[in-house]
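Annotated features in Swiss-Prot:
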type	residues	note
BINDING	11-18, 58-62, 120-123	GTP binding site
DOMAIN	3-170	domain 'Era-type G'
DOMAIN	201-279	domain 'KH type-2'
REGION	11-18	region 'G1'
REGION	37-41	region 'G2'
REGION	58-61	region 'G3'
REGION	120-123	region 'G4'
């Protein structure tokens, strides 16, 4: 008998949702950074064994939006509640429950689907603090289970996976066993470039960046994959920061992104990057759609 199911990973920004998904999948399919709102699109991670398939849906961190892009991200996250049988509500062990958590809990109660509370980053707190956190969240909602983990170190992650597989129902294998995500390579390439921008830049730059892969094709003579990508920003000052002195920052971003892209593709890559200014793109629906943030996603 084959069992399968869809599982959403929900929570505030920076609680470790993408770190968890990457650990489960054994490779990077969701980009990570210490900047809030790193994940902007829903991303499937397809975990398949001989007898089970769990389709995880990593979601943007739920926050109070200030732009049309923020609206898209929050609606994209909540839309998964219509698509899954189980929700992993992830919270950090080293932060107390806040208004953002309470807002999510109210939506989860209304959805009327099983919710597992996943308390991440247990490596950062004393066990007594963890117990207080568990009691506090349990006082707000009747969770199906509570599972403390460390997504970064992998602590207790196998326990959570076993809990999910034990509760799967008989179902189809929705995706081939060798498919690990629903997004095309172009999307993953654009995300890997954006991840390096987030890593190397500060202040207002990360939130204002989008990456568009203009072309991606193999050069038969060199046997390299040629990729042309444009980094979009909202202001000239941001463009200057990303390019850097004599182009040094852009070269660093390209070099580090190329390493990850080559690892993913299993091919040598020639990466060309440009930086363009598109003023206030985060509040323009046409620009959002052009840059891959389309309302059709939810």
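Any Cβ shown, glycine's included, is placed from N, Cα and C.
Sequence-remote contacts of a segment are chain residues at least 6 beyond its ends whose Cβ falls under 8 Å from one of its Cβ atoms, and for the region 'G1' (11-18) they are 30-32, 34-39, 43, 58-63, 89-92, 98, 100-101, 104, 120-121, 151-152. Counting only same-chain residues 6+ beyond the ends of the region 'G3' (58-61), those with a CB under 8 A from a CB of the stretch are 8-15, 17-18, 21, 30, 36-45, 73-74, 76-77, 80.
Around the Cβ of residue 62 (GTP binding site), the same chain contributes 10, 11, 12, 13, 74, 77, 78, 100, 103, 104, each under 8 angstroms and 6 or more positions distant in sequence.
Taken through DSSP, the region 'G1' (11-18) splits into 2 helix, 0 strand, 6 coil. Mapped onto three states, the DSSP output places residue 59 (GTP binding site) in coil.
Comparing Cβ neighbour counts within 10 Å across the binding-site residues 14, 59, the minimum falls on 14.
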